[in-house]
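Asks: Would you mind keeping the following structure in view while I ask a few things?
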Amino acid sequence: MEIESREDLTSILPFLPLALRSSALCWPPQVVETLKSVAAGPDQSGINSGEALFHSISNIRRTLSISDQRLASSAHHGYVLFFDKLMSETESMQWFGEVIPALGDMLLKLPSLLEAHYQNADQLTGKGSGKSKTGLRLLASQVAGTVYLSQELISALLACAFFSLFPVIDRHVQNLPTINFDYLFAILYDGRSKMQENKIRCIIHYFRRVCSNVPMGFVSFERKVLPLNNCAEYFCCPKANFWINSTIPLCPFKVKDSGLIEDQTFGALEVDFANEYLGGGALRSGCVQEEIRFMINPELIIGMLFLPAMADNEAIEIVGAERFSNYTGYAFNFRFAGNHEDKQEIDSLGRRKTFITAIDALCSPGMRQYRLEFLLREVNKAFCGFFDQSKHNQYENLFLKSKEDVTDHNDTSRNNLLVHESSSDTRENYFGTSLTPECLNHKDDIGIATGNWGCGAFGGDPQVKSMIQWLAASQALRPFVVYYTFGTEALQNLEKMSEWILAHKWTVGDLWSMLAEYCSQISKGQTHVGFFDWLLPPSSKTNLCCFS
């Protein structure tokens, strides 16, 4: 297929700094000359300081005719502050003598890297070019799909972001987040914070690494959608009865009071406590869970180029992003702590076996988080992030009613699970399958590693949110949840609570019903205690110690 005929390229081209001429992607001739000068080193380019670097960036932007799309007002001062004052002399010599020329060379190669990407993208998964489109494109809202990018191409695209070369006009129309790095440096100057300085140090370290040794793997970015209406190819967004009627057993639940999600060794899908705009404040002043992850795994940032904001029925899964940095602290205490060697295994598609799912919780929900519609929103959001749509046929065959068994005429969703009364020791569906943890066909034994999603700055109830994620993981057939509490006081009894529930062999439907009832009562002012205290009868509370 001729490159100019590709729909994927057509969708993303307005957001790239390149032009398409004579069936080829290219930089304007003047930009090529400037980049050749940059690649030749500081003796030719004159780029030996933050001041000179910013002027070179400005010149390239003028040549690209994007100078009218103004940079953040303090970006100039930010580049000067970091590279001329905060960076040591030794670091500066390496940066301007080696890294900046290598970045110039990367930018020169970007058109050919993109053309090679489009030639090979549809063959990467081995499924041909039919339904397995994998080329770089705008992954629009409500359209499920995956983009596979080489780490080499990602590094060149991130070099564009560092030089702030991406057009910003019309990005807001498509609900796309910031992608250029100008605000990252402007906020450094405006705030003069160690936190912001160390965020930039993570990025600088990434560029040092990839410029000295170009990584040759791949990273995939998938927009996951639970359609709001029936769709033959996809599992639909569940209604309340789906959760009430579920007979799936709750999966094992392990509580960790210390440690970090990104350090887990269980081979789990790691939850990104995301903003609806992927990356949140990563390229601005944010520095909590999501933003930190984007600093230590900078390849995640490139998803911000082509992934618009998530709707309530959407999630984003990223596989293969390499970790480059270690760190200490959190928020204002965040500090870059040196190089990280990523030892993750590589899969058959050349991706590291690092699985990250971005799900955005309700922000500042207050009392509305206890209303059924918002409880359903949160559990469906987590379920979307945890569920594997590629296995929806298998999932339906195991757990859903056949069409002739549908009897609930009040709910038109085809996603209602079977209601089957049985003993507490086993649950069976109409197909006679015992729904015990041992017999469920779990998603390749990849569990969930998570924590206080939607809590902290977002203001969610940590006890309710922990149960919501447990429900979603179990319903998605994940074999386990590892939950990092980060020492949150409200969750000090989480392990004992989960063990009590598992000892009573509760199903997803059992826990959902109790959680919904609790939320109803707290909304009506009928109770004011936390979910754990509300759930357990007094006699059970005195026996919690037996689960220690």
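Residue 1 is the first one shown; counting continues down the chain.
Glycine too: its Cβ is placed from the backbone N, Cα and C atoms.
This is the feature table in TrEMBL:
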ACT_SITE  Asp272  active site
ACT_SITE  Glu290  active site
ACT_SITE  Glu291  active site
BINDING   Asn275, Gln289, Tyr330  substrate binding site
DOMAIN    87-223  domain 'PARG helical'
DOMAIN    241-493  domain 'PARG catalytic Macro'
Asks: Using DSSP, what's the helix, strand and coil tally for the domain 'PARG helical' (87-223)?
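Replies: Summed by class, the stretch gives 79 helix, 12 strand, 46 coil.
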Asks: If you measure from the CA of Asp272 (active site) out to 10 Å, which recorded positions from the list Gln289, Glu290, Tyr330 are inside that radius?
Replies: Gln289, Glu290
Asks: Would you mind giving the whole-number mean pLDDT across the domain 'PARG catalytic Macro' (241-493)?
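Replies: When the pLDDT values over the domain 'PARG catalytic Macro' (241-493) are averaged, the result is 86.
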Asks: Measure from the CA atom of Tyr330 (substrate binding site) to the CA atom of Glu291 (active site) and give the result in Å, rounded to a whole number.
Replies: 10
Asks: Which of Asp272, Asn275, Glu290, Glu291 (the recorded positions) has the most other Cβ atoms within 10 Å?
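Replies: Counting every other Cβ within 10 Å of each candidate, the maximum falls on Asp272.
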Asks: In whole Å, note down how far the CA of Glu290 (active site) lies from the CA of Asn275 (substrate binding site).
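Replies: Answer for this pair: 8 Å between alpha carbons.
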Asks: In angstrom units, rounded to an integer, how far apart are the Cα atoms of Glu290 (active site) and Tyr330 (substrate binding site)?
Replies: 11
Asks: When you measure from the Cβ of Gln289 (substrate binding site), how many other Cβ atoms are you left with inside 10 Å?
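Replies: Here the count is 24.
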Asks: Within its own chain, what residues at least 6 apart in sequence put their Cβ under 8 Å from the Cβ of Tyr330 (substrate binding site), listed in sequence order?
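Replies: Once residues fewer than 6 apart are set aside, Tyr330 (substrate binding site) is near Cys287, Val288, Ile292.
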